[in-house]
Amino acid sequence: MMIRPIVKYPDPVLQQPAEPVTEFNEELRALVDDMFESMYEAKGIGLAAPQIGISKRLTVIDLSFKENPDEKIVLINPEIIHREGRQYEEEGCLSLPDIREKVVRAEKVTVRAQNLDGEWFEMDGEELLSRAFQHEIDHLDGVLFIFRISALKRDLVLRRIRKMQRAGEW
């Protein structure tokens, strides 16, 4: 297993739709292992392949943060097939360190995805899991959470990022 560096905004790989996963093999399993290790190292609960510079429709999630291996989720070529309700909570992102903003998301979602063997399955998520599904699938579509907030807030966030870049803190 290898810890891979997290790509930061404005890297182009974060802003374009990822390519579908077509090969389900040991290389994919190794990538998933690397993604979990990289996510844990960065203290995250979710990580999409574009966040480590790989344009593939693949994401990993672990709300237990290593406490319960049964809660590790791998979503390959995921899509949201049902949304219900509304929640407005603060989000952060490993590709946008130190940036946190409130984002409107569906309260409940159903995701359809493939597992490591290429088999399709459906999974429901509520509250934080629903938010994680939506946040990570957005990454696969080239959308960062700062593009789900108001233009005014986004402008303030982008100014803050530019200031950190000029100061060498980004």
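Placement of Cβ uses the backbone N, Cα and C atoms for every residue, glycine included.
According to Swiss-Prot, the Fe cation binding site annotation covers Cys93, His135, His139, on the basis of sequence analysis. With a cut-off of 8 Å between CB atoms and residues at least 6 apart in sequence, the same chain places Gly46, Glu91, Cys93, Arg105, Phe145 near His135 (Fe cation binding site), listed in sequence order.
Summarising the annotation, Swiss-Prot assigns active site to Glu136 and lists sequence analysis as the type of evidence. If you draw a 10 Å sphere around the CB of Glu136 (active site), it holds 25 other CB atoms from the protein chains shown.
According to DSSP, Glu136 (active site) is assigned to a helical segment.
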